[in-house]
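Chemist: I am attaching a structure below and will ask some questions about it afterwards.
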Amino acid sequence: MEITFFGTSAGLPTKERNTQAIALNLEPYSNNIWLFDVGEGTQHQILHHSIKLGKVDHIFITHMHGDHIFGLPGLLTSRSFQGGEGKPLTLIGPKGIKAYIETTLRLSESKLNYPITYIEIENHLSYQNNGFNVEAHMLNHGIPSFGYRIEAPYTSGKIDVSALKEIGLEPGPKYQDVKNNETFEYNGIIYNSKDFKGDAVKGPVIAIFGDTMPCQNEEIIADHANVMVHESTYIEGDKSLANNYHHSHIEDVFTLIENAHVDYSLITHMSNRYTIEEVETISKSLKSLPTTPPFKFVKDFDSWSF
């Protein structure tokens, strides 16, 4: 799987950073792509990448602030002409996202050539799609804002070649039956596939947060995540200022990483007042401290594979 950032700035775009947008490539589990937030200019950012809008079958919105949704109407209309014709799209977000899109499309007299299924979240969402489990929990941002916990499917355990050879089954196409089915037939005998495979392997857990100040639900979302994407609007100075505006300070994020036992964290949504050079300087300073957990301040077009 791979996460790509198309926008990493908070509130306003800068000359170096666009507003928020994240793509989650589901390979090898699926050929589809999920987007998380669509800030203004997202579709233009995507033009500089190999991702195709026709592969986007889900869009998740964390909250209704403009730097997270102003690019959505344009991206939806462009999807009609970039491989999305006739391909259903599921749009998940806070209450109001459906009215926002339908009103924008109606007033601009825009037509889509594919269906949209809207799922509006009140307080919590539990959603399943092709083996993926998605949980959304309310955060603390002054308006409804959500964090998403994505659990990838279990994958079949490794085939025990030695055990299969003991019954006379040599490596070949038949091994796919063992891998993909509960039972398989060989020489007129029905076998249980699980007797010839290792334990199923748990897929990665990804936590993607909307804007928030520290709150109890954060640890539920991030618990033992392999990868966490979290905002840090404030990456230096007095953290009380961040919390006054219902945002997170980098110290808040580090505390969450430790308490939730997160493997690695990708930090985005840094204030638009920071230049890339300033972010890099602060990053080096933080990483020089022995207590700093594994993290990265991401830039536009950064990708992380796992």
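Cβ atoms here come from the backbone N, Cα and C positions, even for glycine.
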Chemist: Of HIS137, HIS141, which one shares the Zn(2+) 1 site with HIS63, HIS65, ASP211 in Swiss-Prot?
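Modeler: So the Zn(2+) 1 site in Swiss-Prot includes HIS63, HIS65, ASP211 plus, from the candidates HIS137, HIS141, HIS141.
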Chemist: For the Zn(2+) 2 site, Swiss-Prot lists ASP67, HIS68, ASP211; sort out which one of HIS124, HIS269 goes with them.
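Modeler: According to Swiss-Prot, the candidate sharing the Zn(2+) 2 site with ASP67, HIS68, ASP211 is HIS269.
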Chemist: What does DSSP say about ASP211 (Zn(2+) 1 binding site): helix, strand or coil?
Modeler: coil
Chemist: Find, among the binding-site residues listed as HIS65, HIS269, the one whose Cβ has the highest number of other Cβ atoms within 10 Å in the structure shown.
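Modeler: Going through HIS65, HIS269 one by one, the largest Cβ count within 10 Å is at HIS269.
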Chemist: Taking the centroid of the Cβ atoms of ASP67, HIS68, ASP211, HIS269 as the Zn(2+) 2 site, which other residues of that chain lie with their Cβ within 8 Å of it, listed in sequence order?
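Modeler: So the additional residues around the site are ALA10, GLY11, THR19, GLN20, ASP37, GLY39, THR62, HIS63, HIS65, GLY210, GLU231.
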Chemist: Using the structure shown, find which entry in ASP67, ASP211 (the recorded positions) has the sparsest Cβ neighbourhood within 10 Å.
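Modeler: Among the recorded positions ASP67, ASP211, the lowest count of other Cβ atoms within 10 Å belongs to ASP67.
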